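For reference, the structure discussed in these notes is given below.
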Amino acid sequence: CZAADKEDDPNFFKMVEGFFDRGASIVEDKLVEGLRTRQSMEQRRHRVRGILRIIKPCNHVLSVSFPIKRDDGZWEVIEGYRAQHSHQRTPCKGGIRYSLDVSVDEVKALASLMTYKCAVVDVPFGGAKAGVKINPKNYTDEDLEKITRRFTMELAKKGFIGPGVDVPAPNMSTGEREMSWIADTYASTIGHYDINAHACVTKPGISQGGIHGRISATGRGLFGHIENFIENASYMSILGMTPGFGDKTFAVQGFGNVGLHSMRYLHRFGAKCVAVGEFDGSIWNPDGIDPKELEDYKLQHGTIMGFPKAQKLEGSILETDCDILIPAASEKQLTKANAHKVKAKIIAEGANGPTTPQADKIFLERNIMVIPDLYLNAGGVTVSAFZZKNLNHVSYGRLTFKYERDSNYHLLMSVQESLERKFGKHGGTIPVVPTAEFQDRISGASEKDIVHSGLAYTMERSARQIMRTAMKYNLGLDLRTAAYVNAIEKVFKVYNEAGLTFT
């Protein structure tokens with residue numbers, strides 16, 4: 001019985017390594033065949049297996065303990081961690097979370113997921129993750145600022161933060177505020193001579209060098225990734241569903257940044273949210289829940305419970321009767337114990353690692369599509385890449401706004417004058433006016449437009465790659481393995497072509 005319990009509640013990092021091993025076993029032969037060398041087949045296989053062993057573990061893990069003096073005069077020692085999984089691309093990239101559940105195992109698992117996530121969407125970062133072992137609700141804003149700034153200095157002392165080295169981002173219980181504190185701390189100390197110092201984080205406030213469109217990026221990306229599969233007639237026929245969002249219902253576990261924005265976009269495109277779950281309870285309404293109304297209620301009351309246009313949900317939100325289930329809370333929520341009770345036909349992993357290997361196996365047997373975390377929630381790191389790679393220090397589009405607008409109006413005027421010369425009678429005018437859609441674009445692309453466009457392109461391209469891989473290896477609905485295969489191929493190529501520094 002104890003062994004069975006352990007199997008259903010695996011070590012998080014071992015869980016990710018297990019998914020990696022599954023993908024590696026499928027792609028190994030192809031990697032061996034693809035090596036263009038004079039080596040024997042045995043030597044090539046040794047090389048491939050050696051590189052796969054290099055990819056798998058975490059390269060560096062930092063554990064720190066530091067004291068703070070709280071506002072009430074009490075002294076406290078804070079624990080924090082930062083894991084860098086891979087340096088095949090730099091800087092390393094990954095969020096910082098504040099939670100009592102933070103552990104070395106968790107940050108290693110999340111860092112490794114970041115490596116594969118970046119590879120899946122072709123973002124040139126290595127994977128990293130950090131965590132501070134606190135419950136932020138138990139601290140004042142002043143205490144949190146002290147903790148954040150001190151943790152930044154601990155990272156800096158060990159070379160675990162910097163624009164070209166390691167770039168944190170928000171995660172659970174952190175946001176623009178914390179990123180701005182980190183950026184200011186770094187820029188005011190060891191980065192004070194570096195023009196790129198504020199690029200030591202992504203998603204600070206706009207005034208601190210942030211980018212428009214980053215706040216909603218993960219949620220928007222989640223919607224776009226779901227859209228790429230839900231609009232695919234072949235996959236929908238396998239599930240016995242019709243393409244499109246119009247007649248679909250969905251439930252969201254977690255009403256944070258990812259849950260809220262994914263709910264907004266799905267609602268906007270015609271899907272109906274029937275249930276929302278948080279740590280203190282869940283609500284449901286078969287007629288639908290409006291995301292804006294629920295957001296306003298939570299901002300006012302600090303909870304979704306008691307929302308007047310829904311009733312309390314008895315039982316688990318993961319077992320809600322819906323078409324699309326979005327677990328956007330924390331890891332290992334879908335397990336062997338509840339996988340048979342899930343009624344959704346599509347599981348969209350908004351959180352990192354919400355599905356255990358045993359549950360994943362059950363979903364495949366039950367013909368349930370799982371759109372995996374390393375693809376689905378990569379919208380945030382994709383837009384972070386746009387922010388990080390903006391080397392000009394100028395908002396995207398700012399230099400071309402007026403020129404594009406004037407050029408568009410000159411084009412319309414030229415068409416109008418040509419028509420009047422050809423068809424106009426007695427000098428009459430033939431007005432040429434933009435359509436409503438063109439009018440929206442006529443001023444040129446704003447930074448947010450450019451970010452959304454780049455994000456959409458990335459989502460579509462990554463989805464096509466996963467679909468092709470799933471078809472190539474006859475994986476059916478096993479999109480997770482297809483995504484891991486893609487990630488492994490790309491990371492392998494970097495290591496193989498770069499070679500090893502010292503052997």
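Each Cβ is built from the backbone N, Cα and C atoms, and glycine gets one as well.
What Swiss-Prot records for His87, Gln88, Arg89, Asp122, His198, Lys389 is NAD(+) binding site. Positions annotated as substrate binding site by Swiss-Prot: Lys93, Lys117, Ser384. Per Swiss-Prot, active site is recorded for Lys129, and the stated evidence type is sequence analysis. According to Swiss-Prot, the GTP binding site annotation covers His212, Ser216, Tyr265, Arg268, on the basis of similarity to another entry. Among the features that Swiss-Prot reports, ADP binding site is placed at Ser395, Arg461, with the record citing similarity to another entry.
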Check your understanding: Same-chain residues six or more away whose CB lies under 8 A from the CB of Arg89 (NAD(+) binding site)?
Key -> Cys118, Pro124, Phe125, Gly126, Val494
Practice item. Enumerate same-chain residues with a sequence separation of six or more from Gln88 (NAD(+) binding site) and a Cβ-Cβ distance below 8 A; give 'none' if the list is empty. Key: Ile55, Thr115, Gly126, Val491, Val494, Tyr495, Ala498
Check your understanding: Among the recorded positions listed here (Lys93, Lys129, Tyr265, Arg268, Arg461), which has the Cα closest to the Cα of Asp122 (NAD(+) binding site)?
Key -> Arg461
Exercise for review: Sequence order is fine: just name those binding-site residues in His87, Lys117, His198, Arg268 with a Cα within 10 angstroms of Arg461 (ADP binding site).
Suggested key: none
Review point. Just counting, how many other CB atoms are there within 10 A of the CB of Arg461 (ADP binding site)?
Key: 13
Exercise for review: Rounded to the nearest Å, what's the C-alpha distance separating Tyr265 (GTP binding site) and His198 (NAD(+) binding site)? Just drop the number here, would you?
Suggested key: 30
Study note, to complete from the structure: Neighbours of His198 (NAD(+) binding site) among recorded positions Lys93, Lys117, Lys129, Arg268 (C-alpha cutoff 10 angstroms), in sequence order, are none
Practice item. List the residues of the same chain that sit at least 6 positions away from His87 (NAD(+) binding site) in sequence and have their Cβ under 8 Å from its Cβ, in sequence order, or write 'none'. Key: Asn59, Gly126
Review point. Among the recorded positions Lys93, Lys129, His198, Arg268, which residue has its Cβ surrounded by the fewest other Cβ atoms within 10 Å?
Key: Arg268
Practice item. Pick out which of the binding-site residues Lys117, Asp122, Tyr265 has the most other Cβ atoms within 10 Å of its own Cβ. Key: Lys117
